[in-house]
């Protein structure tokens, strides 16, 4: 049965054992999925306050603003949360490629059976 | 630096310590983010083979086909993987509401400061 977290209107993120919640960003203009990363409470608060996407870097164990070095920030136009409040959806206007490889989206390869092929 | 997992054309999913990879589904027609869940290798293989979304239920510790009881299956039109191969993007035609609450998308609430509001 749905509980209050599922259907209520109180923000109550369900962080995992490491204090993290999964966040994905899609392009407002194209609907394309750009990237998936993780947030801690500080990253979510910074994203809400600044309307620029912030995440928690698990590899570097630090808060990071997406684009802080590259300039490819994600301007956040809408923030949504899922039913059980363990995932965040950012609808964004990207200032540049979202992927560290230089691709517009991190999801630039299609799975074809056992192999991958570039989408474009 | 990008490594072969990032830029190569070999499918080599980077499962976590529990053998899982995060998967999100978006609606092919609207671009809307419908749901986020997890897959193990069997769920990914079943999804590739059947073109219907399968996931691993962490709460029930079993493979499940989305919609196996509700009929609200997700017909998969495209499967993509991200740069470091630890996330899957399914582009789908949903047969019904994706959310167990009956909403079309699990992400049916917007974060407004400290509160939530329904999107529609």
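Cβ coordinates are placed from backbone N, Cα and C, and glycine is handled just like the others.
Curation does not apply to TrEMBL; its annotations are automatic.
If you look up TrEMBL, you'll see A:82, A:84, A:86 marked as Mg(2+) binding site. Sequence annotations record features per position, and here TrEMBL assigns Zn(2+) binding site to A:83, A:99, A:106. Summarising the annotation, TrEMBL assigns domain 'Phosphoribosyl-AMP cyclohydrolase' to A:35-108.
Mapped onto this structure are the features recorded in TrEMBL.
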{"residue": "A:82", "record": "Mg(2+) binding site", "Cβ within 10 Å": "24"}
{"residue": "A:83", "record": "Zn(2+) binding site", "Cβ within 10 Å": "22"}
{"residue": "A:84", "record": "Mg(2+) binding site", "Cβ within 10 Å": "16"}
{"residue": "A:86", "record": "Mg(2+) binding site", "Cβ within 10 Å": "16"}
{"residue": "A:99", "record": "Zn(2+) binding site", "Cβ within 10 Å": "20"}
{"residue": "A:106", "record": "Zn(2+) binding site", "Cβ within 10 Å": "26"}
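Note: the Cα of residue A:99 (Zn(2+) binding site) and the Cα of residue A:84 (Mg(2+) binding site) are spaced 28 Å from each other. The helix, strand and coil residue counts that DSSP assigns across the domain 'Phosphoribosyl-AMP cyclohydrolase' (A:35-108) are 10 helix, 30 strand, 34 coil. For the domain 'Phosphoribosyl-AMP cyclohydrolase' (A:35-108), the model's pLDDT averages out at 97. Residue A:84 (Mg(2+) binding site) sits 26 Å from residue A:106 (Zn(2+) binding site), taking the Cα positions as reference. In this structure, the CA atom of residue A:82 (Mg(2+) binding site) is 22 Å away from the CA atom of residue A:106 (Zn(2+) binding site). The CA atom of residue A:86 (Mg(2+) binding site) is located 22 Å away from the CA atom of residue A:106 (Zn(2+) binding site).
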